[in-house]
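A short worksheet on the structure shown next.
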């Protein structure tokens, strides 16, 4: 069946195209005029040349300065964290040099009465990139680095398009009054940024001081942890107070408001504060300190860390228990190394009644003296504990001064040595056994005779 072909779309009228072109012509002319007046100018060409020269100088300077900084970092022996940071900052020698030269060139162009548009854009981008690289070099927190990078690039973009001043004014306009003090979004943003920077600086400084304190001879582990905690808390408190003061917060004006918030936070952080104070008490009275071997509940191990909120206990099988500091005060704790690291272990052994008990005691003493972990003073001791149903009960008592290395393993080694020595000398290990004594066998004999006779009769009877 014949079907007519679909109609093709109507061609646009030439007058319409001419009208659209006429409307677009002023825009094109404006764009060309902007390129001619703002981009294709002698000033922009000079700035582009300056930027090219700055790039060459920065690359050459970076290649010369980076090895010098790296060699200086290698001399920071024993300070791996600081050495790594110095090496990362050294890699930024070229970009930092470019930023300094760009700023100097922009200043010179302004002094000549010109507007350094290209240099300003390049300077904003360099500042953003250098700041992000510095934050990445100085901190290990990926989330913080990404957040800081987002904020920095956003500020750089606003500065390039010329909206930064308007954005700041909009943040300052959004404000409210609390306790007679005006608080704007700009104040809050500045406070968050400043306090975050000060807290990071305080934590970094506290970490460096704790590391340096750990290298000081003659300072006990408990004193190191205590001083580290006090320094950290003091630096964090100072950072918060300085940050709030720097953004114009008047503590007297918001005393009632901050007091109510403090009471609420106090109730919410009651357990946290309790654990913090408990940790301070533990360090002050030195009842529990890093390196002690303790036993609390089912956890047995040595304290690897005594933090602000918890104590980390590492067991022999690699488990790590995090015990709240409050539990270490309120619950019963067995400290194997409180006053003396020497710990006595008792190893029970049983021998048969036919064995030479004195010889067995001597062999047990030899097994203890041959073990390297057993102390010579106090010396090992052997005792005859009692007479059991199946064995003569003996006991070996030894002392070790490294319970964190394990107590079950040393007892196992000594038991194996006793096993070998007893077998070599013919000392028998007992096992449960019973002797059966039949006093009257006449009745039993008659019964067995009857049973045997019945069995024979059953076997002789014909089967159907």
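Cβ coordinates are placed from backbone N, Cα and C, and glycine is handled just like the others.
Taken from TrEMBL, the feature domain 'Mechanosensitive ion channel transmembrane helices 2/3' applies to 229-270. The domain 'Mechanosensitive ion channel MscS' annotation in TrEMBL covers 272-337. The feature domain 'Mechanosensitive ion channel MscS C-terminal' is assigned by TrEMBL to 347-429. According to TrEMBL, the transmembrane segment annotation covers 44-66, 86-105, 117-135, 147-171, 183-209, 230-249, 255-284.
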Candidate ranges 44-66, 86-105, 117-135, 147-171, 230-249 - greatest C-beta contact count to the transmembrane segment (183-209) (under 8 angstroms): 230-249
Beyond the flanks of the transmembrane segment (44-66) by at least 6 residues, Cβ under 8 Å: 38, 90-91, 93-95, 97-98, 101-102, 105, 109, 116-119, 122
The domain 'Mechanosensitive ion channel MscS C-terminal' (347-429) [mean pLDDT, rounded to integer]: 89
